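Structure, as structure tokens:
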Amino acid sequence: MIIDTTEVQAINSFFRLESLKEVYGIIWMLIPIFTPVLGITIGVLVIVWLEREISAGIQQRIGPEYAGPLGILQALADGTKLLFKENLLPSRGDTRLFSIGPSVAVTSILLSYLVIPFGYHLVLADLSIGVFLWIAISSIAPVGLLMSGYGSNNKYSFLGGLRAAAQSISYEIPLTLCVLSISLLSNSSSTVDIVEAQSKYGFWGWNLWRQPIGFIIFLISSLAECERLPFDLPEAEEELVAGYQTEYSGIKFGLFYVASYLNLLVSSLFVTVLYLGGWNLSIPYIPVPDIFEINKASRVFGTITGIFITLAKTYLFLFIPITTRWTLPRLRMDQLLNLGWKFLLPISLGNLLLTTSSQLLSL
């Protein structure tokens, strides 16, 4: 049987078309995976650069300026340096726990990004238990820190891990009560529904004004969860060398470094979602054109605008934890626990009871 040349070319073009479809299918599968990873990476690099520039301004000195324009590539240079550093293991420690600890801490924080809405219907997982899933996942991170401290076979590392666990337990309860108050106020635990509930009343409908006590408690508790000054007792340099990070080097030390800024970014994003109206642009006394209304604009422009508004609110809020680092002194361990158990817990519980009463009266 003789096959014509045109038939051979048609068969080849068909198989070439099928292979191209497979390649495009793989690319479209990878885009939703790598896009959030790239966005989170850039977000962390921007936070590191912002903190260094703001800290330099507060201390009246010159910040990073040689690595890239205005030193914006300094964090990338530090990460590259840590990537090629030698990875040391403690001779008498538990190497399995020592190696798993950083991965547990980073993974638990990365999973928190699943329920954060960056724009109108732009969320990886719109779950009915979104905010409580974040709290449940974030409670795994201290387990990784405790594993790192125990596996290092170092008294300073072990004390740092114990402090991290005690601090997380102490401040997670007030944080949860504040989130529960927001859920009662919004009649939902979905992050998307919480933002939509705030958008009904514009700027004055933000939970910042409806829950001012809860906002202050959430701010303090999130700083403690992120181990930022004045709550950086698990890694206090003057007392514990570097806490649970003492024995780490190379990429594992870099993972802890990244985890702290990832956690800070997650906390700031949740402040934006829970208290600052999320992706909605609500400016009082200033007329906003219809083009900025997410529901009325085109899908692509609305998505881009929502992402921009969410990130703008988040990075503006980041000035608070960054300036707090150079303003307040570190607390003692007893002061930290007393603040969490004797002050924040009763106040957050009272705030929850007030919110519940107001919701019942409004029925």
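Numbering starts at 1 and runs along the chain as displayed.
Note: Cβ is positioned from N, Cα and C throughout, glycine not excepted.
The transmembrane segment annotation in Swiss-Prot covers 30-50 (among others).
For 104-124 (among others), the entry in Swiss-Prot reads transmembrane segment, with the evidence type sequence analysis.
Among the features that Swiss-Prot reports, transmembrane segment is placed at 127-147 (among others), with the record citing sequence analysis. Same-chain neighbours of the transmembrane segment (127-147): 97-98, 100-105, 108-109, 111-112, 114-115, 160-162, 164-165, 167-169, 172, 175-176, 179, 182-183, 188-192, 194, 225, 234, 244, 259, 263, 266, 270, 274, counting only residues six or more beyond its ends whose CB sits under 8 Å from a CB of the stretch.
Sequence annotations record features per position, and here Swiss-Prot assigns transmembrane segment to 253-273 (among others) based on sequence analysis.
Here Swiss-Prot flags 300-320 (among others) as transmembrane segment.
Per Swiss-Prot, transmembrane segment is recorded for 336-356 (among others), and the stated evidence type is sequence analysis.
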Of 104-124, 253-273, 300-320, whichever stretch has the most CB pairs under 8 A to the transmembrane segment (30-50): 253-273
Leading contact stretch, 104-124, 253-273, 336-356 vs the transmembrane segment (300-320) - CB distance under 8 Å: 104-124
Same-chain residues at least 6 beyond the ends of the transmembrane segment (253-273) whose Cβ lies under 8 Å from its Cβ atoms: 40, 43-44, 47-48, 79, 82-83, 85, 102-103, 105-106, 109-110, 112-113, 116-117, 131, 134, 138, 141, 148, 191, 194-195, 215, 218-219, 222-223, 225-228, 244-245, 310, 313-315, 317-318, 321
